[in-house]
Amino acid sequence: MARDLVMFRDVAVDFSQEEWECLNSYQRNLYRDVILENYSNLVSLAGCSISKPDVITLLEQGKEPWMVVRDEKRRWTLDLESRYDTKKLFQGKDIYEMNLSQWKVMERIKSCGLEEQESPHEVCFRQVTKTTSEKMPTYRKLTSLPLYQKSHNREKPYECGECGKAFRVRQQLTFHQRIHTGEKPYECKECGKAFRQCAHLSRHQRIHTSDKLYECKKCGKIFTCGSDLRVHQRIHIGEKPYECKECGKAFRVRGQLNLHQRIHTGEKPYECKECGKAFRQYAHLTRHQRLNIAEKCYECKECGQAFLCSTGLRLHHKLHTGEKPYECKECGKAFRVRQQLTLHQRIHTGEKPYDCKECGKTFSRGYHLTLHQRIHTGEKPYECKECQKFFRRYSELISHQGIHIGEKPYECKECGKAFRLFSQLTQHQSIHFGEKPFKCKECEKTFRLLSQLTQHQSIHTGEKPYDCKECGKAFRLHSSLIQHQRIHSGEKPYKCKECKKAFRQHSHLTYHQRIHNVT
């Protein structure tokens, strides 16, 4: 192709509603990112105020781009041409390579999309804009292009220098590298949450605009994409269409099956360049690398704890120096961080602005309400891809994943015991120090952990927030409810390795094993 005039109409693609529905969520996200980034590049190069095309407005709002008429793009390019000599502006080699032509955008979406498809014949694409064959190749001509052939040959020329993962398209590598750099350039103006990809921001913004959200009728969980809802609904109906031919284990999502099959093949494609350790999942490699990166970054000279950023280290230093600049005027208690003071003051004011609509219970923090509501809905949004176990809290998932990885990087200097999480080490060390900082105001009993105090206080209040949906029996502790529910389900997860007898509770198994240990 001749390297001459490149305008927005050359780097944009029209879709009808019918064609847009044929794309999966991955292809749609890539389309949004490519078009928005190209538009941003063109505007920055033009250096002037240009009326924004409707397709860009819709994409920024998370709406469907097929609603745009072609006349809008024509109006925008005429506006640009009237202000600048665009041929001179965009004819340079670097500019041309940065701004993809229209067929290249289509080609990229196709080649990336084929990785997610079972067969290339399933991809529903056709050219919409009527152009000459020289400027806009047809679908048949695209199949002969080198980049499109990469999707069949599995050629991935763009490799990440950090972890070695390779990609077929440069843009995918750019997105991926933000995982290592931590860059999240796209920020939501409503809530301040930041994202690595523009498409992720667009999808997130639908939560605020309530534009075409998909709600699960079983548990009320909200999705911004219909395909995500369909996959989620398999949890409720128990559908697991993807079965492992080796062991018969079935999965809801094809990606879970692919990961599982590596157990049988022994494949560990993700290798750490620092120590050579290999992992089955990329997420496990990333977690492992964070520990290595932390060792090289900001380390506390007092206790050796490492941080990825200097601000985290500065906050941590206050633990050792005892600096607590934010003091409560009511009781004199001081805090290291202003946010801690704000939350603490609600104890004195009694403010609990977050109330549960199911049971009326109120909370001083929105996060506590969110966690509480999952008791009623049964929602456990965080899934372990190794064993398909679900968790209500992300921290519980991270803690659990350490079981599969087998890493315990935090070692107690007193007794040598190692832990997966730094918080676990901190809790453990209080055993050696004899520290019990959490006191019950009712009976003066002290506890090492805040969670222990919270559980204990329910004895005085009589509160039993965890009720069984089968028989209505209520419990103080969630763990007690889980044990009770096994009576109804018949589940006995703890099996004796000697005689294969199974038990509902681990304590029952421990007691039983004494029979075999008697000499």
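Numbering starts at 1 and runs along the chain as displayed.
Note: Cβ is positioned from N, Cα and C throughout, glycine not excepted.
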Matching range for Swiss-Prot feature annotation, zinc finger, among 43-65, 66-88, 158-180 | 158-180
Swiss-Prot annotation SUMO2 cross-link: which of K93, K110, K333, K417 has it?
-> K110
In Swiss-Prot, the entry for SUMO2 cross-link among K104, K141, K193, K385 points to K141
What stretch, picked from 214-236, 382-404, 410-432, 466-488, 494-516, has the most CB pairs under 8 A with the zinc finger (242-264)?
-> 382-404
Can you name the far-off residues of the same chain, 6+ from the ends of the zinc finger (494-516), with a Cβ under 8 Å from a Cβ of it?
-> 483, 486-487
What else in the chain is close to the zinc finger (382-404), if you only count residues 6 or more beyond its ends and a Cβ gap under 8 Å?
-> 251-252, 255-256, 259, 281, 283-284, 287, 371, 374, 420-421, 424
What parts of the chain pack near the zinc finger (298-320), using Cβ distances under 8 Å and only residues at least 6 beyond its ends?
-> 182, 290, 336-337, 422
